[in-house]
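J.: Quick paste of what TrEMBL says about this protein:
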type     : residues  : note
TRANSMEM : A:25-45   : transmembrane segment
TRANSMEM : A:65-89   : transmembrane segment
TRANSMEM : A:120-146 : transmembrane segment
TRANSMEM : A:166-189 : transmembrane segment
TRANSMEM : A:201-219 : transmembrane segment
TRANSMEM : A:250-269 : transmembrane segment
Amino acid sequence: MSAVDAPAFFVSELRLVSRRRRNQAGLAVLAAVPIIIAVAMKVAAPSSSSSSQGPEFFGSITSNGYFVALAALAVEIQLLLPIAVATIAGDSVAGEANQGTLRYLLTVPVDRTRLLAVKFAAIVVGAFVATMTVATAGLLAGWALFGAGPVTLLSGSQASVGGSLLRLLAMCAYLTVCLAALGAIGLFVSTLTEQPMGATIAITIIAVTSWVLGAVPQLDWLHPYLLTNSWTAFGELMRSPIAWEPLRDGLLSAAAYMLIFLSAAWARFTTADVSS
Amino acid sequence: MQATKSRPALRWLIPAAATVLVIGGGAAVGTFAASADPSLPPRSAAQLLVDLQTARLDGLSGTVVQTSDLGLPSLPNLGGGSGSADVMSLITGDNTLRVWYSGPDKARVALMGTLGETDMIRNGSDVWLWESKANKATHSKLSGTEAGQQHTLPNGVPSTPQEAADQALAAIDPTTEVTTSGTARVAGRDAYELVLRPRDTASLVGQVRIAIDATEHVPLRFEVLAKDSDKAAFEVAFTQVDFDRPDDQQFEFNPPPGAKVEESTELSAEQKAQQAEKAHNDGDLTTVGEGWTMVAVSKAGGAPASPEEEDATGLLKALPEVSGAWGKGHLLTGTVFSVLVTDDGRILAGLVSPERLYEVAATKAGK
């Protein structure tokens, strides 16, 4: 089918994504948030240590640095992580079309389906790197300022350091799948336009709108169908025993979104006239 | 593939098909799970009642979803939204609970919040209440007389279909018509349905339906339906259930280091009974009528003492004002109950329409 072998193509795509200045800056911002959270909690610790209010997991930070990673994930999944995925996904096809490199890419006899698959794989890797960056930065900042140790789970029992790290890895994997569903929508949007910024903004708006609709109790009939509905279910991994049902529902929902939008992206991209 | 190559527009059929598949597939699974009536040998209502009373449950674990659509005005002060693991949230919206049961002295109920949990753990004579958001554990010890009792979440709202069914069955009397409406499927298990219907049509409750597991004889679903409605006003149902005895480890609770631990000074059963009696005499709680149309009348009166009561007064002011020959007051109406709080300090409540409450309020018994 093609003269270029897929692994080499995938590697070059990853290199392209990782070398972009805006992506590097984006990662730095993602990593900065947990550090800011940890420092702020350290500075404010004496006065607010007793408060159980504030965003999720914040109350537990002072007792264990591990919770900085969870708090950062809980905060960033609302906006910053979707923006990171939207940037990569919006850029994937529209960016090449915008720079005029897409037609050169297509003159290399590479199958368009395979090209799209590589683009999506790069988005998924990007999403995983983004969540892992947040978790790792949070973990290191938290451990440095508040110390490590066995983690108290939501159910009141304790998990060992190793067990809690496994849970954190599973959370990152789960959030990667969730974000990959957004990435699939993004890939489709990206095939519709030649303006990468427009695509990125549209994808961000989709994620934000989904969060907003999910916060309106009068629309509860709509909630199960929303893209972001099960994203906060990553917290289920902090129970003992783990509540798998919400996680399974989240993965099924993400798979449904991916099926629809990847096939739509395929239908669009393989039939579109590439002029630039 | 040849056709899609020559006519590219055909490729759009694939995402279209994927959409239909996802939506249709989801809907089909939903209707299949809801409507597939299993064929079970017929059982009469009386047999089902005996089944319920003689059921011997060794242990179970499962997930319970509780939905309330009581038609209450959505006041922001009325507890948290669907996401909070607050015990108050049990009276509003939807809740998910995980339950483990292994004999009467080993039970655990966990109320799940989005990123929090409230656990009630009973192990022997130890009872723990764990609140993850507050990082707080409350311990209490049961005395001998209480040791045999089941323990519920502190607000008295039934947290399992079993508890709800027990409360309903205790109320069965000549004013109730007990029938069976055939079979149902709940949490992937075959079940019989028992229907309790008030004979007195003045009650707002249309029927109470209890789905009973066909093999284990344990209630799997409990629904309260308002009159002329086929949507449950209140429902507690298993979404997943397993009748294997859960691991003993699940009932062990050690407060995690760093958590606040409180020793509860809960009153013993006798003291509680005495106090309830006292409250009964002081508050002058009387009842008018019987069975489903019973109206409870309480003469609380007096100025609000605690901050919570002041909050309650504030809430009260937000309710619609009503007046009649009986006086003036505020009315709270739900789909299956009404509460009338008069300005002269009387509280009337029942599973009846407001008109019935006005009637009672005007009579001597209601004064």
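Even glycines carry a Cβ here, placed using N, Cα and C.
On a predicted model such as this, the values are computed, not experimentally measured, just so you know.
I'd like to know what surrounds each of these features in this structure.
T.: Residues of the same chain lying 6 or more positions beyond the ends of the transmembrane segment (A:25-45) and with a Cβ under 8 Å from any Cβ of it are 58, 61-62, 65, 68-69, 71-72, 75-76, 80-81, 83-84, 87, 129-130, 133-134, 136-138, 141-142, 144-146.
Using a Cβ-Cβ cut-off under 8 Å and counting only residues 6 or more beyond its ends in the same chain, the transmembrane segment (A:65-89) has close neighbours at 17, 22-23, 26-27, 29-30, 33-34, 37-38, 41, 55-58, 122-123, 126-127, 130-131, 134-139, 141-148, 151, 164, 168, 171-172, 175, 178-179, 182-183, 185-187, 189-190, 199-201, 203-204, 207-208, 211, 231-232, 234-235, 238.
Residues 78-79, 82-83, 85-86, 89-90, 182, 185-186, 189, 226-229 of the same chain sit 6 or more residues outside the transmembrane segment (A:201-219) yet have a Cβ under 8 Å from a Cβ within it.
Sequence-remote contacts of a segment are chain residues at least 6 beyond its ends whose Cβ falls under 8 Å from one of its Cβ atoms, and for the transmembrane segment (A:250-269) they are 93, 112-113, 115-116, 120, 174, 177-178, 180-182, 184-185, 187-188, 190-192, 224-225, 227, 229-231, 233.
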